[in-house]
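K.L.:
This is the structure I have questions about; it appears just below.
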Amino acid sequence: MEEGNKIPKSASSRLCCRCNERKPALKRPKTLEQICRKCFYEVFEEEIHQVIVGNQLFKAGERVAIGASGGKDSTVLAYVMSELNRRHNYGLDLFLLSVDEGITGYRDDSLETVKRNEVQYGLPLKIVSYKELYGWTMDEIVKVIGLKNNCTFCGVFRRQALDRGAAYLKVDKLVTGHNADDIAETVLLNILRGDVARLSRCTSITTGEDGPIPRCKPFKYTYENLNQNHTYAYFKKLDYFSTECIYSPNAYRGFAREFIKDLERIRPRAIVDIIKSGENFRISTSTKMPEQGTCERCGYISSQKWCKACVLLEGLNRGLPKLGIGRSRGLENGNGNRKDMEQNGDVRSIESKQCGSLDF
């Protein structure tokens with residue numbers, strides 16, 4: 001368990017401040033309450049339930065896909081969603097949805113965890129792969145692009161892969177395990193990048209309502225400080241995968257993550273304050289926002305003639321892997337006609353959750 005979660009020895013004789021029956025097992029970062037395991041389970045699950053109910057995230061009868069990577073956040077999400085759906089009779093049909101990026105020694109191992117979760121929680125599992133959708137694995141992409149921009153490809157492909165998997169399952173919503181720390185990091189990243197369009201919506205608990213599949217974040221107000229999800233998974237002995245992606249050591253988000261963690265150590269509520277600040281940003285009416293349309297090539301949502309996935313894929317297939325990175329002009333389609341593809345830097349904040357996105 002994290003060092004900051006341990007109860008001081010001087011307090012070991014105290015009782016849980018909620019039930020006053022059992023010895024406390026941890027101190028909660030939100031309230032500084034010293035509570036026992038049983039009360040922690042109850043409080044944690046009830047808070048998620050209240051977020052779901054208070055924000056009307058779901059309706060009875062909906063089909064909901066849970067983004068499952070095998071990591072602790074998505075594993076806790078799958079377990080809690082399954083428990084709350086049964087306990088409170090949400091009436092949801094739940095599914096696990098995973099993406100196989102084709103990263104040997106990382107994703108293949110984590111998918112084995114997800115397959116065990118499928119059995120443990122009794123939830124149907126659908127796995128979509130980059131190889132099937134795009135004809136490339138991340139291992140193959142890294143061989144030609146290197147480690148500098150690989151997260152760009154992974155994040156763009158992952159977002160579309162999730163949507164395509166969700167469409168295959170015919171679900172109404174997709175839920176992800178993004179917590180308060182992830183959202184605060186994204187607010188900070190969008191400020192640093194000057195990404196007004198994403199800054200205006202990155203704090204929303206539900207996004208993509210104008211797209212193919214709305215995405216919900218039930219853990220929006222769950223601090224990772226003192227690692228609540230980790231503590232919950234540890235106490236519950238949940239089966240999850242904890243190895244970091246081998247291709248993300250230099251991801252831009254990592255620097256923001258370290259800064260956020262430093263803030264949390266000094267003042268845990270700084271995370272919520274950053275999120276609240278993001279929620280209260282007002283975008284000037286004179287600011288030009290991108291207009292959403294559909295990709296002329298594959299039909300996926302896009303503010304350009306071609307979606308970012310098609311631009312990146314075209315570059316890979318033509319032996320010009322850096323063609324779609326950052327700002328570019330003059331991409332030709334398969335017929336040789338010049339496309340004036342002024343890229344608005346869309347790629348900058350669509351990396352994977354670990355590497356830099358709020359999309360999974």
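Glycine is treated like the rest: Cβ placed from N, Cα and C.
Keep in mind that TrEMBL annotations are predicted by a computer and have not been checked by a curator.
Copying in the features that TrEMBL gives for the protein in this structure:
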DOMAIN    64-243  domain 'tRNA(Ile)-lysidine/2-thiocytidine synthase N-terminal'
BINDING   Gly67, Ala68, Ser69, Asp73, Val99, Gly177, Asp182  ATP binding site
DOMAIN    293-323  domain 'Cytoplasmic tRNA 2-thiolation protein 1 C-terminal'
K.L.:
Work out, from DSSP, the number of helix, strand and coil residues along the domain 'Cytoplasmic tRNA 2-thiolation protein 1 C-terminal' (293-323).
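P.N.:
Split by secondary structure, the domain 'Cytoplasmic tRNA 2-thiolation protein 1 C-terminal' (293-323) comes out as 10 helix, 4 strand, 17 coil.
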K.L.:
Near Ala68 (ATP binding site), how many other Cβ atoms are within 10 Å of its Cβ?
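P.N.:
Other Cβ atoms found within 10 Å: 30.
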